[in-house]
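Input: a single structure, listed below in structure tokens.
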Amino acid sequence: MGLVWSLISNSIQTIIADFAISVIDAALFFLMLLALAVVTVFLFWLIVAIGRSLVARCSRGARYRPV
């Protein structure tokens, strides 16, 4: 009976460990997607800010330049 109970206990522990690993894996995947989204938004904001400053600088230069 001890051997059977040991096998059952081992299988239960394996199932629980696999489930925990799956949950942790899913959480890490979600966090990775979240970090990727944040980095993408930050890069988009940075590119837009640089573009706006360049456009403002060019238009300011054209305003003071006589044609």
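Glycine is no exception: its Cβ is also placed from the backbone N, Cα and C atoms.
Swiss-Prot annotations:
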- Gly2: N-myristoyl glycine (LIPID)
- 2-15: region 'Endoplasmic reticulum retention signal' (REGION)
- 2-27: topological domain 'Virion surface' (TOPO_DOM)
- 49-67: topological domain 'Intravirion' (TOPO_DOM)
- 28-48: transmembrane segment (TRANSMEM)
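Residues of the same chain that sit 6 or more residues outside the region 'Endoplasmic reticulum retention signal' (2-15) yet have a Cβ under 8 Å from a Cβ within it are not found. Per-residue pLDDT, averaged along the region 'Endoplasmic reticulum retention signal' (2-15), amounts to 86 for this model.
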